[in-house]
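Under the heading domain 'Autophagy-related protein 16', TrEMBL lists 48-173. Per TrEMBL, the feature coiled coil maps to 91-189. The repeat 'WD' feature in TrEMBL is assigned to 226-267, 268-309, 310-352, 361-393, 394-429, 453-481, 482-514.
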Amino acid sequence: MAKVCKSQEEIASEAINHALKALRKRHLLEEAAHGPAFLALSRPFASQGSEWKEKAENLQVELQQCYKAQSRLSEQLVVEVAESRASKALAEEKSKALADLQQELTELRDECSQLKTDLEEKIKSLEVVVSENSELKAQLEQMTNKANKAEAENKMLIDRWMLEKMKDAERLNEANALYEDMVERLKASGLEQLARQQVDGVVRRSEEGAEFFLESNIPSTCKYRLRAHEGGCASILFEYNSSKLITGGQDRSVKVWDTNTGSLSSSLHGCLGSVLDLSITHDNRSVIAASSSNNLYVWELNSGRVRHTLTGHTDKVCAVDVSKISTRHVVSAAYDRTIKVWDLVKGYCTNTIIFHSNCNALSFSMDGQTIFSGHVDGNLRLWDIQSGKLLSEVAAHSLAVTSLSLSRNGNVVLTSGRDNVHNLFDVRSLEVCGTLKASGNRVASNWSRSCMSPDDNHVAAGSADGSVYIWSISKGDIVSTLKEHTSSVLCCRWSGIGKPLASADKNGIVCIWT
């Protein structure tokens with residue numbers, strides 16, 4: 001760039017010199033051309049006056065032209081000089097920029113060299129890390145193989161232990177079955193006599209120390225008003241052939257009451273949620289509670305100790321029942337759209353039934369082979385306990401079923417629904433054999449429980465207005481309306497010995513009626 005600029009300056013200088021030389025040459029030529037004029041002027045003026053005058057005028061014109069040409073050349077020279085200076089300044093700027101670029105290029109080359117060095121170091125470090133990773137993978141694989149072997153050995157030991165436990169349980173079950181068989185044989189004569197003592201459909205027990213089955217009379221008086229639970233009482237039941245009442249409430253407790261004196265006998269603790277339903281084994285040894293904590297809790301009634309916590313449901317458990325012929329089988333329903341069958345001896349689930357409609361109420365058949373279930377879609381369904389297959393179903397209510405109660409002989413099932421209707425179904429044909437309703441009777445919740453009297457002559461159901469309605473099954477009419485509660489009545493239950501009747505409400509108050 002400097003060479004280019006230099007050559008332009010030289011060209012400009014040569015052009016100026018050339019112009020000056022041309023002017024000198026022309027001046028000399030003009031002097032030579034004007035020589036005769038000067039000679040003529042030296043002659044006498046009179047003789048050559050007109051000629052000189054003409055020549056002087058011509059020379060003056062030529063001189064003016066020369067001056068004009070000189071002026072134009074001067075202007076061109078000034079322009080050329082200015083352009084030369086501008087070119088020189090531009091060349092200097094270019095030269096400076098070129099120097100800066102060269103310096104920047106040098107710095108970039110140095111930086112590139114440094115980056116290349118760093119990259120080589122990183123590659124070496126990466127190779128070291130990859131090598132260490134490979135070694136760690138090899139060690140991990142060895143440890144995994146060892147863990148798999150240990151897990152397999154552990155599983156084998158657990159299987160052997162479980163097998164031994166199952167063998168022990170089977171031996172214990174065989175011993176229990178043998179003992180029960182011996183007891184049944186010893187009671188055979190007493191049972192024969194019991195079967196013969198049937199008067200007007202009322203069975204009386206004559207075994208020593210046992211209560212009698214009495215004809216259920218219509219209660220009219222509140223004998224005791226018990227403040228049983230804080231926050232509401234959702235489930236109550238009587239012990240088999242006893243006047244002892246068991247209640248469960250939202251305060252997560254289960255309580256046992258003596259209805260003869262109205263006193264609290266014992267309390268069962270350990271439940272982690274509200275008690276939504278209760279059931280008891282026919283030998284009165286174990287109580288099972290369905291809980292909003294998604295679990296079922298099994299207590300030994302005598303000791304108050306939690307025997308099992310049955311887990312497996314994924315939503316609140318709202319219904320539970322125990323087989324009427326065995327203390328081993330329990331069925332439960334939850335709002336996870338499942339019905340589960342449990343083995344109380346082993347403490348785990350043996351079968352799961354999945355259905356699209358949630359189940360609100362459950363009951364075993366008298367032979368323990370069939371499960372009755374009442375669902376939110378208003379249908380009553382029957383299931384086989386062994387296979388879990390749906391045996392039959394019937395549209396029981398236009399709204400959700402809230403309660404199921406089986407008659408003493410197992411031939412009739414009572415269903416209650418949110419449509420405020422109580423239906424009686426013949427179990428064999430699933431046809432309606434009775435419908436009970438009243439203008440003031442309104443079912444309070446999805447788990448409002450109604451009941452049948454032990455002699456299968458009456459139905460008791462609570463209402464949202466705090467009343468307890470009692471119907472005669474044979475007449476289909478209301479025979480009594482009990483008023484003592486100040487909030488919605490959630491459940492009613494008759495003692496298996498004919499009296500008393502118990503009812504519970506949303507305030508946790510339990511009334512004992514005689």
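Backbone N, Cα and C define each Cβ position, glycine as well.
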Contacting positions for the repeat 'WD' (482-514) when only residues 6+ beyond its ends and CB under 8 Å are counted: 211-217, 219-238, 240-243, 245, 247, 249-251, 257, 259, 262, 444-445, 447-455, 460-470
Folded-back contacts onto the repeat 'WD' (361-393), same chain, C-beta under 8 angstroms, at least six residues removed: 319-326, 329, 331-333, 339, 341, 351-353, 355, 399-406, 409-410, 413, 415, 417, 419, 425, 427, 430, 446-447, 449
Close approaches to the repeat 'WD' (226-267) from elsewhere in its chain (Cβ under 8 angstroms; 6 or more beyond its ends): 205, 210-211, 213, 273-280, 282-284, 287, 289-291, 299, 301, 304, 447, 449, 490-491, 493-497, 499-500, 502-512
Mind checking which residues of the chain, 6+ beyond the ends of the repeat 'WD' (310-352), have their Cβ under 8 Å from one of its Cβ atoms? 169, 173, 273, 276-283, 285-286, 288-298, 358-368, 371, 373, 383, 385-386, 388, 446-447
How about long-range neighbours of the repeat 'WD' (268-309): same chain, 6 or more residues beyond its ends, C-beta under 8 Å? 231, 234-237, 239-240, 242, 246-250, 252-256, 315-322, 324-325, 327, 330, 332, 334, 342, 344, 347, 447
DSSP residue counts for the repeat 'WD' (268-309), split into helix, strand and coil: 0 helix, 22 strand, 20 coil
Where DSSP helix means H, G or I and strand means E or B, what are the helix, strand and coil counts for the repeat 'WD' (394-429)? 0 helix, 19 strand, 17 coil
